[in-house]
Amino acid sequence: MTSERVADSTGEAGSAAGGGSGGVAAPSDEGYQRGLGSRQVQMIAIGGAIGVGLFMGAGANIAKAGPSIILMYALAGVVIFFIMRALGELLMYRPVSGSFAEYAREFLGPFFGFVTGWTYWLLWVVTGMAELTAAAIYIHFWFPDIPQWVSALVFLVLLFGVNLISVKVFGEVEFWFSMIKVTAIIGMIVIGLGVLTLGFSQAGDTAAVSNLWAHEGFFPTGIGSSLMTLQGVMFAYIAVELVGITAGESEDPEKTLPKAINTLPWRIIIFYVGSLIVILSVVKWTEFSDGVSPFVAAFAKIGIPLGAGIVNFVVLTAALSSCNSGMYSTGRMLRDLAENAEAPKVFSKLNVRQSPAMGITVSVILMGIGVVLNYLVPEKAFAYVTSVATACGIWTWMMILISHLRYRSAVVKGRLPSSSFPAPGGSVFSWVALLFLTMVLVIVALDPTARISLYVGAGWAVVLGAGWFFYARHTAAAYRAANGHKAEAPKRLTPETANEG
């Protein structure tokens, strides 16, 4: 891969935030250990596609949409793959930690890098709240008398300790968390297929593939109700982009990252579509309800001794895995912002083990708000924070796609080198994904429960706007001037200027 960027004499590609293609790291990569091996990156990528959105959120989505939820997860999965291939092309052009903010900063301008970085940080803070809430709910399976907020607090402290030690410890913990999740889902699929084909267990008499359409059809609540689940479905896919954050700490990003991205379709087919087809064939969709994991319900229906308890342990692991990843991401994103003078300088410091300890600490303190929510509104805490997280995730994905479109435009015009991992279809699928995400935002606006995310988003926009115009605009401009960067206003992006390649 070309190791130098082709100079853009007109500045249309935006202002580079530090370095060139290939092996040139952004300032925020300095000091990190490349401690994540191929084994860990691959399993983090797999685990990123399996979280509480599937293990717990699928229960509510099944209750709303019936078997058609399978189609919603598949449709969203296709769009997620488009997004990840766009990100993959950018990563192989310039692999850096804090990649989403770096690319937005380079191709759209400093303000968008600032907003994207802080929004992705907020995404993982509120996702951490959701995962802590889910973990506390799962503990009720064994200890129903323990207050939800107590369990959430204990898990928060434990994961905080893991993230302060080193990236290798984080990677190893996440590897085993992901291994447990993968093994459990494969086991569920195998057992479910056994029930369907051999008819064993107490579920054998009623288990049949016809359960997918025999009870009021494949769309029992209507197509409109199915589409309304897309907000929750998209939340399930948050974290697939985590491989972009690992770029600055991967031992061989040019090999491990494309491999991780290219296996995404199989992960979606097996872990989402496959598992839901089996579960909804074994158990009628009418037997699922909000707040109950469909995996736990399916094992309980099959009647395997201790099966429900085992699956509950697995989904607890999934929640802790996602929260663990969230802490990892928040510290790195805050450091990227600080290294570009868009956050207080204290966040740029690493501890003796090369972890961004201050950024992680502040993020964990704010995740503690989730503990408070579990105390005040335990029955609504999960729905509130997942809707906010989805809105933040959609913004991040949109910035990835728009940055990709700007990059493709610059490549076509000869101003930047081609990536070694081009997205299929050039820019076409990025436009398709942008339209789909816009539709999801409309759905969020129509959902009374999810609509709170738009109110939070409006407040967040005001906070970020004030932070930029009164603080970060000046500090970031001084940083760019001192480091030889010149901020250029990017030209307007249209399908005519970016739809080639």
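In case you wondered, yes, glycine gets a Cβ from its N, Cα and C as well.
Checked against TrEMBL, the range among 116-137, 182-203 recorded as transmembrane segment is 182-203. The list of residues near the transmembrane segment (264-283) in space but at least 6 beyond its ends in sequence, with Cβ under 8 angstroms from a Cβ of it, reads 45-46, 49-50, 54, 58, 62, 67, 69-70, 73-74, 77, 80-81, 84, 182, 185-186, 188-189, 192-193, 195-196, 203, 207-209, 211-212, 236, 240, 294-295, 297-298, 301-302.
Nonlocal intrachain contacts for the transmembrane segment (182-203), taken as residues 6+ away from its ends with a CB within less than 8 angstroms of a stretch CB, comprise 43, 46-47, 50, 209, 270-271, 274-275, 278-279, 281-283, 295, 298-299, 301-304, 310-311, 314. Nonlocal intrachain contacts for the transmembrane segment (428-446), taken as residues 6+ away from its ends with a CB within less than 8 angstroms of a stretch CB, comprise 79, 82-83, 85-86, 227-228, 230-231, 234, 387, 390-391, 394, 397-398, 401-402, 404-405, 408, 453-454, 495, 499.
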